[in-house]
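Chemist: Just dropping this structure here.
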């Protein structure tokens, strides 16, 4: 009642030359607020100069008022109250398996392509196209999976894309010729385009204090997947060949398929599409798993029927953020997959570079047909292990200096690590600087995975990640032609492209309009809040009525 009284006072003060008085009266079950307005120009008392408005608010019986049942809470407040516990650990494992599968399929590209170059006698551009076709599939599907996630649910989207990837990943192991490997790996890429939606689902169950660290630690599964793929290749490639490696690389997808029935739907998504009862059930289930409780009272729902629309990313509040986030994702993927492919290409040449006889000419890379040796796999393993220190450094930075500065520092350090490669150094030195570069770009990309779901509201969070991932795939699509084709013609030009790209990423990170550290997740692009009473004991309903005696 006091809030309503203040609101009416503010409203009537806007009217000039009006004298008002507000009188509150209380009965057993009602509060009555009377607004008495005397209009100017009336020398004598008259009913014409008086406006009486009575507002009656029914609070139910006195026991309900004293019990605090009328309190409200949001999904954000419920997640904060429940905290991080057993449920989040289980969800970390399941979404982490999806990330392992994504990492293994990506790492597979840098291992299998040198083998196919020799076995099928492929030219450099055909080898690059095997990698590029996967990213074409991912680029096409990323926004589509984001739209499905925002419209039909995070759980459905993630399960569909993982099962799709499993199906075509197994089929690609039976590819007999070059054309078939292109078609099937493109379809694998189409499924992998939905893998980032695991971060969307994971983020929406995390309390603010745990969000940054938890999503960064999810990157440990990516690193484990990449390391496991190299170890698997060391065993399988020399004995069984690349087809068996393709088949064995689907193992995390099999684990996910066997466990996905447990996966819950996001409570934030359920509330947004008007299924508050299901959202409350999910919150109660999480609370029981964590040994805590859901706040008492009414669940306030922010409903929005229009979800997953790309045009919502370009409303004035988000236009600049969207464009900069897209650029950051592009630079991350372009540089990350670039350094992964450069690693095997430079190692395969036998040394970093072989100089030409003419001292005025820049060094040229020797990319003849050579199978990867055990020594190559060991060096590849060392550079892959760089992802772990990259994640650890990012863990230290992300909550101390913020998301924006963390991304900027990672981009800048990657650029600095590229500089020594211009000298075509010894293989051991080359390995060290590639290690550092990969650690930096891994950390930067993990921060982008934290920042993107935090900056966009629930209504467009999945499409925001999806379109960002789509831009990343554009970068990943281009990078094979730089790291595998242009490298053969010019080492300096190839390195310069990656250097400039990461400098652009540094600037884009610093000029982002919003820092999301410690910020609650926004639920809707709409400003209206629709209260939904989820637990309303008998007699606790609130009713309002008003009578207006103004002529």
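Every residue, even glycine, has its Cβ placed from backbone N, Cα and C.
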Chemist: Quick one: which of 304-322, 361-379, 380-398 does TrEMBL have down as transmembrane segment?
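Modeler: Checking TrEMBL against the ranges 304-322, 361-379, 380-398, the transmembrane segment one is 380-398.
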Chemist: Looking only at residues six or more beyond either end of the transmembrane segment (429-451), which have a C-beta under 8 A from one in the stretch?
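Modeler: Residues 196, 199, 211-212, 215-216, 218-219, 222-223, 325, 328-329, 332-333, 335-336, 339-340, 342-343, 346, 352, 379, 382-387, 389-391, 393-394, 397-398, 403-404, 406-407, 410-411, 413-414, 417-418, 420-421, 468, 502, 505, 512, 516 contact the transmembrane segment (429-451) from elsewhere in the chain.
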Chemist: Counting only pairs 6 or more apart in sequence, are there at least 3 Cβ pairs under 8 Å between the transmembrane segment (180-203) and the transmembrane segment (463-486)?
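Modeler: These two segments touch.
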Chemist: In the same chain, which residue numbers or ranges, 6 or more beyond the ends of the transmembrane segment (242-263), come under 8 angstroms Cβ to Cβ?
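Modeler: For the transmembrane segment (242-263), the list is 90-91, 94, 97-98, 100-101, 104-105, 108, 111-112, 115-116, 119, 155, 158-159, 162-163, 165-166, 169-170, 172-175, 201, 225, 229, 232-233, 236.
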